[in-house]
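Participant: The following block contains the structure, expressed as structure tokens.
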């Protein structure tokens, strides 16, 4: 009877088929449930741990190794370093596009790499001194730091120039995604490659130049491990596109920042080839370019960023000044009033006649387009979802092309600044 009192619990999932009891005892080598029903085919096990239920003999337990659960999303300094690596990867793709697709010189990669090195040098010093990161970010080139003793440049939050000093610590300003386009532009400026800011804007808007899908084109490992705050910043590129006003301001801010941190100035524009590009875009006579060169020489004009000025305005953009000079030269050669004589000496040069009425008829603010394309553009601006479903295959393809061209032009501020970059605002001056 004493054995009957030594009730043991059956393993999980086992019970008496007669009464459903989950307890059993051993008597005379036979096994019975707590209510006396004999249990056949039941395997005896050592009571101890439920994991060992149903096992025969001694159980050798092996101590489980503690696995370190690695966080998928990085935080702190590691997350910031990963974001910098992602921005650097985007910059490399953009430079590769300019060299391989647009035929820019290969030296552009070296120049942009050095500009990027100067931009993030303060961050590398900060992470090395504070030892907040265990892994080092592989940068474009060597990351040797250079601090000037006795030089203490004050930094104000309202200033457009950013202080990249590593002593700012966690307040060190991270690069913006728009700065990748700006670095490509400044690299072309240093090499005197005639590349307009409007060209970069157009290539980004039509998705030729990597920018809009900055986050989607990253390796999956980087996407999964990037902190949510930085991932949202990169995803914003595809949602809002490239803002023309923000691009212009970033150019000015970056130029001022290089001046503040490294006393670095950028050369003037290679304005003659750029004037040819603008004249071609505006469908202006070639004589206007020659007169513009003479005016620039006579007035001692220098097309560079005036970083020494206390306040900078849109008209301080050297490209805007170049377009303005071209407009003035065109009006001097070919007055808008046919009855008004040319301001140039008639005896010194012989200029052809220019019909401004024909120019105005065949030219629009968006560039020369056929009447059919202009009509479709107006129709697509006011199309409804129900009308989209009823479009023919040809019309639907045209509608998709219209949407792809409209990426990055959605905000009101973009529509205001983009004509300035593409000289549309000054076209209105020509039409007066």
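Every residue, even glycine, has its Cβ placed from backbone N, Cα and C.
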Participant: Could you tell me which of the ranges 97-118, 119-140, 141-162, 163-184 is annotated in TrEMBL as region 'Disordered'?
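Facilitator: Per TrEMBL, the stretch marked region 'Disordered' is 141-162.
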Participant: Provide the three-state DSSP residue tally for the domain 'RRN7-type' (10-41): helix first, then strand, then coil.
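Facilitator: Its residues divide into 0 helix, 10 strand, 22 coil.
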Participant: For the domain 'RRN7-type' (10-41), what's the mean pLDDT in this predicted model?
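Facilitator: Averaged over the domain 'RRN7-type' (10-41), per-residue pLDDT gives 80.
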